[in-house]
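Student: Have a look at this one before I ask anything.
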Amino acid sequence: MKTPISSILKSNGLGIFLYRSFITSTAVSYTYDRQDVRHSQSLSSLKNCNYNGYVAGFPNSIVSLTVCSGLRGMIQFENVSYGIEPVETLSGFIHVIYENTNQQAKIPDLGENQTYSWSDELDYQFRSNMKKSGFAVLRPRYIKTDIVVDKKLFDYMGSDTRVVLQKVIQIIGFINTMFSKLKLTVLINSVEIWSKENRIDFPEAPENLLVQFLHWKHKYRPQHISYLLAFVEHPASTGALYPGNLCKPIYGAAIALYPKGLSLESYSVIVLQLLSIGIGLTYDNADSCHCTGDVCLMTPKAIYSGGVKDFSTCSLDDFKYLSTQDLECLQDLPMERQKKKPSRPRRICGNGILEMNEQCDCGTLKNCTHKKCCDPMSCRLKSKAVCGSGECCGQDCKVKPVNVLCRKSKNECDFEEYCNGNDAYCVPDTFARNGQYCDSGQAFCYSGLCMTSNNQCMNLLGKYVRGASFACYEEFNSRNDRFGNCIRKFCSFENSLCGKLVCTWPFKRLLMKDNMSAAYGQIRDDLCISLYKGGRPLKTTLSTYSDMSERDETFVKDGTICGPDMFCLETQCKETRFLVDFQQCNTSRDCNDHGVCNNFNHCHCDKGYNPPYCESVKGQFGSIDDGHKYYIDEGKSAKQQNRGIHPKQQLQLILYITLPLIMIISAVFIKQSKLSRLCGRERSEGTSCITEDSVSNTKMTTNEGSTLH
């Protein structure tokens, strides 16, 4: 039973510093319907609403929140923890806070339990001789995981896939808050919910269940560490894994059992302890291990205790050593590469970039583009100048009119941009959204480029070189050497087109290219070539790069097609539905099938169709982002988005309004003329003439008179 300590929490009542997300850009969830049909959905919409941090004013606190649909998560202070959830019967940012407690859950004593003794233990003798080093030597690392939820846990958590998914995200989010001292982040690569039935046999013994799950993992999730979250009402242990071997592909799985009545916070601690043991940490020795708080994370007491928990000095030393062992699953963070701290922004007049406190920047004194308008020494506008630099600033020192081209299209995935009539600088670059077909349906647009292997080979080796056949790619990328690999290992069959770039070599001479070595292979009718760019391969990879984002031009680029509706991403072949978010922009629904979605998730319309919804309007085209003027139909009037109404449409509008008005006035004038002639004739005959106005006036007088009586 949740004990409310505060029934209402306003959104501005909690100050929180939020940090990075932990859902990968290609993360996906899998569920099963009543017919046992599997459905997949991208988690990209949840990527930027799951965060970790702390309560402002309470440095020794921890917060893990998801704000995707209301505020959900956990808040920890020194010795107490609270859960927070939205009140579904109330509207607005109103939430319930309750203290996290375990409802008489029977949790095995990890201090005495030998769950892991059936596996080979690591040799930890190095710790006694290891010199303690400063915490600053640790650098950010991440572990990618595939999470699986069994049928019983799905039912225990409410039998609602949306709610269960949110709870899984909460668990991983809370784990990341505890791992923050180790600078370690657990990333969610996928979440599979066995909502219909379990996909494997469930033996009673956890170690036997682990063997069953490993077979499933090797078949369906071979790339990353896999975790099975399973419900057992009264388990004999907390789970199963191979201690210290989790980073080895053959042993890369773990089972975490969820007892009845356990809080989500306590279960998160169980999952964290299992993961820590899996990478090589051990339980703490109470006599020699110490932590900043009352409870250390790698102790049995941590599962029962509320409040902030921390890794001990023993765990820190162990992890420092493990981080030097080039464990395959401990990778450098791809989204937060170690960069130099950005220097304080300062103005540099003459660099051609408009910066703070500058009115203009036309370049150096010698190369100033607008000498009549801008002083290149002070970056100030000259007298009477409206602008002094920029693509849309004319030599007359005035902003160019709307519809003037300011940036040409580079390729079929890139769009033209126009001056909007208001700004001296061209609008931001617009291009087709990632995943849009190009090259007659043979490739995909990615980051504004049409990603074809032909173009990549031509850019690397010259205009006569083309991309190789699948047979060449398969031959080279299965070699598992520096000329054929997927960075850290050989490419599996399905990823063959996403590793090293393989091209056809049409020449009879050998390649002579600085800092490049080449391997050749005659495969069927083609002479194929693969390149290696200088340097000695790292210990943990088959290249000179440890991070996917740093790989050189001898690797296939992200976005390259690798099958029907498939694209390469970080040397893996993925389905395009994980790349494209159709909820934000859909060409059929939003663009009327007469345009494509751009990088702002707005429609870029074909010629003859008007943005934003690509409705048929003669002469219109483009998007609301490219700077050109377009029209929005409001009722019966057309209103221009940027600057006034087009002269041609102004004339049409004038005619539409004035012609009916002239006709009405003419009709009234003709009617009055006829009445005047009729009255003139009747007066000459001595009869009275009563017009509509006179009748109306007579009635009004009579009514007023009767009112006075």
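Including glycine, each Cβ sits where the backbone N, Cα and C put it.
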Student: Check Swiss-Prot and name the cysteine among Cys597, Cys614 that pairs with Cys605 in a disulfide.
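Tutor: Answer per the record: Cys614.
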Student: Based on what Swiss-Prot records, which one of Cys379, Cys387, Cys426 is disulphide-bonded to Cys406?
Tutor: Cys426
Student: Name the residues of the same chain, 6+ apart in sequence, whose Cβ is under 8 Å from the Cβ of Cys426 (disulfide bond)?
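Tutor: Correct list: Gly390, Glu391, Cys392, Cys406, Arg407, Glu417, Cys419, Gly627.
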Student: So which residues does the domain 'EGF-like' (581-615) touch in its own chain, when a touch means Cβ under 8 Å and the partner is 6 or more beyond its ends?
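Tutor: For the domain 'EGF-like' (581-615), the nonlocal Cβ contacts are 42, 44-45, 415, 429-434, 436, 448, 621-626, 630-633.
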Student: Please work out which residue of Cys247, Cys585, Cys597, Cys603 has the most C-beta neighbours within 10 angstroms of its C-beta, and give that one of the disulfide-bonded residues.
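Tutor: Most Cβ neighbours within 10 Å: Cys603.
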Student: In which DSSP state, out of helix, strand and coil, do we find Cys247 (disulfide bond)?
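Tutor: Coil, per DSSP.
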Student: What average pLDDT does the predicted model assign to the domain 'Disintegrin' (346-434)?
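Tutor: It averages 91.
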Student: List the residues of the same chain that sit at least 6 positions away from Cys614 (disulfide bond) in sequence and have their Cβ under 8 Å from its Cβ, in sequence order, or write 'none'.
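Tutor: Looking at Cβ-Cβ distances below 8 Å from Cys614 (disulfide bond), excluding near sequence neighbours, one finds Cys591, Asn592, Asp593, His594, Gly595, Cys603, Cys605, Asp606.
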Student: If you compare CA-to-CA distances from Cys296 (disulfide bond) to each of the disulfide-bonded residues Cys247, Cys314, Cys585, Cys597, which comes out shortest?
Tutor: Cys314
